[in-house]
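These come from Swiss-Prot:
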BINDING   Gly71, Glu94, Leu95, Asn128, Ser129, Leu148, Thr226, Glu227, Glu228  S-adenosyl-L-methionine binding site
ACT_SITE  Asp151  active site
Amino acid sequence: MDNETKATTFSKSTGLPRKRFYRARAHSNPLSDSHFPIPISPAHVDYSLHFPKFVEADNKFIKKVEFADIGCGFGGLLISLATLFPDTLMIGMELRDKVTEYVKERILALRRTSSEGQYENISVVRTNSMKYIPNYFEKGQLSKMFFLFPDPHFKEKNHRRRVISTHLLDEYAYVLRAGGIIYTITDVEELGEWMKSCLEKHPMFESLTQEELVSDPVVELLCSATEEGQKVARNGGQTFRAVFRRIAYVS
């Protein structure tokens, strides 16, 4: 990005990228073949490019990613989680190229303007998480996965495109450690029931109790931290949440 373009697309007052220059379609077809690099295994992901502050002198990466925000949108949740869990590495996964570029520039700008070395623990990658989750994460690597306001794919013939389904939960259970949490939320009641039903039927997940939900500081961010959640709140809309734990074994 040349200096003239950068001056236009970045706010002079905050130093952050202006969202209107990164507009894209609300959703993309997750079953289409997009063109972006795909690692052949988690060992082939160079996370040092995403988290340079967590690389030792001998180029050894000292931490592993633990949180994944699937379909991270404009990165609102990542930004909030970064300061809540400053020692935890987390990555957003987004299919839309312009949105991914915006989140990347937003994170880099926050790193530059932060006086306390914050936001070094978050990053974003453009990928199709419905196809390539096992290419990025090892078995039991993640402790939290987020699916916030995903595309509802209203038509029945398109339900196979939904990011929560029985067969995809098999993959999510693989990369989540025992005790790991899946967070889902939507403003579409039918989709909320769908996601909850898929999780309830899957043998590797159990619902959190009301007491656990109240004590989890992440739960209140599901709406307040995301741009989509804020829009729903402004319009007085309802949200439908399902939060489930990955169990250790099936009895």
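Each Cβ is built from the backbone N, Cα and C atoms, and glycine gets one as well.
When secondary structure is read from DSSP and collapsed to three states, Leu95 (S-adenosyl-L-methionine binding site) falls in the coil class.
The binding-site residues shown are Gly71, Leu95, Ser129, Thr226, Glu228; of these, the one with its CA atom nearest the CA of the residue listed as 'active site' is Gly71. Taking a C-beta cut-off of under 8 angstroms and a sequence separation of 6 or more, Thr226 (S-adenosyl-L-methionine binding site) has the following same-chain neighbours: Gly73, Gly76, Leu77, Leu148, Phe149. Applying an 8 A CB threshold to same-chain residues 6+ apart, the list for Ser129 (S-adenosyl-L-methionine binding site) reads Ala68, Ile70, Gly71, Met93, Leu95, Val163.
Annotation note: Thr226 (S-adenosyl-L-methionine binding site) sits in a coil segment as assigned by DSSP. For Glu228 (S-adenosyl-L-methionine binding site), the same-chain residues lying six or more positions away in sequence with a CB closer than 8 A to its CB are Gly73, Leu148, Phe149, Asp187. Residues Gly71, Glu94, Leu95, Asn128, Ser129, Leu148, Thr226, Glu227, Glu228, recorded as binding S-adenosyl-L-methionine, reach a greatest CA to CA spacing of 21 Å.
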